[in-house]
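J.: Below are the features I grabbed from TrEMBL:
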- 431: active site, nucleophile (ACT_SITE)
- 282, 283, 284, 285, 286, 287, 288, 339, 378: S-adenosyl-L-methionine binding site (BINDING)
- 181-493: domain 'SAM-dependent MTase RsmB/NOP-type' (DOMAIN)
- 1-28: region 'Disordered' (REGION)
Ligand SMILES: C[S@@+](CC[C@H](N)C(=O)[O-])C[C@H]1O[C@@H](n2cnc3c(N)ncnc32)[C@H](O)[C@@H]1O
């Protein structure tokens, strides 16, 4: 803390002296988080909960601190453009972070303007100094003189001339990301909904691993049923770690699209003999491996139950390849899970029960070619599909990273296809909709190899609409309430008999 600011020195009539600035725990916590993200690349979603716990900030104050910190970080691009317009000089970084928090309250929260300005000025007076407080007061008053809708035509390009530039400022996303989303979505009219969904905090989604827990067990402790996955449940509030099934790794936190891409892989009928050994090649920290491990051993229990109930189900309970796409896996397989990073492989080991876990580089396989019946390749990627989970992430990525990752993704997809036997199937998954990480990687591979065919992934997810024109499946936050996860299903062509 650089200065205490003026507090009215003793002796005078306090009622007539300058008002004593008040220390507001929620706003101070939000400011500390925004500063730490800006100054030392901290992760807001790790720092904030720790800070709230250490300072005993709970209830409404905790909710306010969270909205202030996360909302400010998401909207940085918009707020910086408006702050620049209202300042006669570039503010120091500590002052700029306070201005960003003030701007968020003025432009996107229902905080009355006098409170948004007053509390931010108090914070700056206490944490930085009286001079900075005066500057912040003047800038925030200018910002508060217009609504966000009134500011946008002033600070953002005209949507008719530059639709991407306009969306970038209006919805607080870097321009290159807006451009990548627009190319992948192919429906410009939906862009505002997509970017809005990307700015909203996602619900905590749980997975009940079959044979170990059930969606009903999670609903019994207050979770809501999932929309698509029979193993999903949404947590309305509270700490997932406080749920027994989660603490015992019978259930876990997992986005619903992550569950569905794993489920889709298990539904594809493999051709030829045997379906006993599956590989999760980039498994850390183990979300998909945890579900695959449970289905491999116990079967897709919800799918099997549905098939048994389906009209025309055979009296023997034989699985049907019915309208639900593929057949529910009956169980009796094993998973090998690998990750190149030892600490991430350890996390996989901690969250799975029956899988074998190794530290291994997927580009230099530690397994013999054709050893597996099914392979999950959840490739390292930019993570552009999960921006809503990490509020600052969008400002830390850059387009240059996409090309580097593309080389690794191509190599891994090649070795994933070598690892699966003829007739077996590979799921290529990214938590990014960026075309260079998704369709282009798959297209390049198909152009290089004539022993591979692409299946229509949507056929194995018939319960989900709006996955695109195929043959891959692309989830979207605004359509499905999930991360923007991509799935391509590739089969090694069976050897001619
Ligand atoms: C998108 S994450 C996987 C997430 C995981 N499947 C889940 O559902 O929890 C990608 C993983 O790939 C791992 N990875 C990166 N390069 C790899 C390589 N050459 N071989 C194996 N794993 C690799 C990373 O360490 C990271 O854990």
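Note: Cβ is positioned from N, Cα and C throughout, glycine not excepted.
Just so you know, TrEMBL annotations are computer predictions that nobody has curated.
Distances, neighbours, how buried they are, the whole picture for these features please.
T.: Under the DSSP three-state reduction, residue 431 (active site, nucleophile) is assigned to coil, being neither helix nor strand.
The Cβ neighbour count for residue 284 (S-adenosyl-L-methionine binding site), using a 10 Å radius over every protein chain in view, is 25.
Averaged across the domain 'SAM-dependent MTase RsmB/NOP-type' (181-493), pLDDT for the predicted model comes to 94.
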J.: Could you name the residues, excluding 282, 283, 284, 285, 286, 287, 288, 339, 378, of the same chain that surround the S-adenosyl-L-methionine site, i.e. Cβ within 8 Å of the Cβ centre of those residues, in sequence order?
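T.: Result: 280, 289, 337, 344, 347, 348.
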J.: Check the Cα distances from residue 431 (active site, nucleophile) to each of the binding-site residues 282, 284, 286, 288 and keep only the ones within 10 Å.
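T.: Taking 282, 284, 286, 288 one by one, none has a Cα falling within 10 Å of residue 431 (active site, nucleophile).
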J.: Report the largest Cα to Cα distance, in Å and rounded to a whole number, among the residues 282, 283, 284, 285, 286, 287, 288, 339, 378 that the record lists as binding S-adenosyl-L-methionine.
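T.: The span, Cα to Cα at its widest, is 13 Å.
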J.: Near residue 288 (S-adenosyl-L-methionine binding site), how many other Cβ atoms are within 10 Å of its Cβ?
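T.: For residue 288 (S-adenosyl-L-methionine binding site), the 10 Å Cβ neighbour count is 26.
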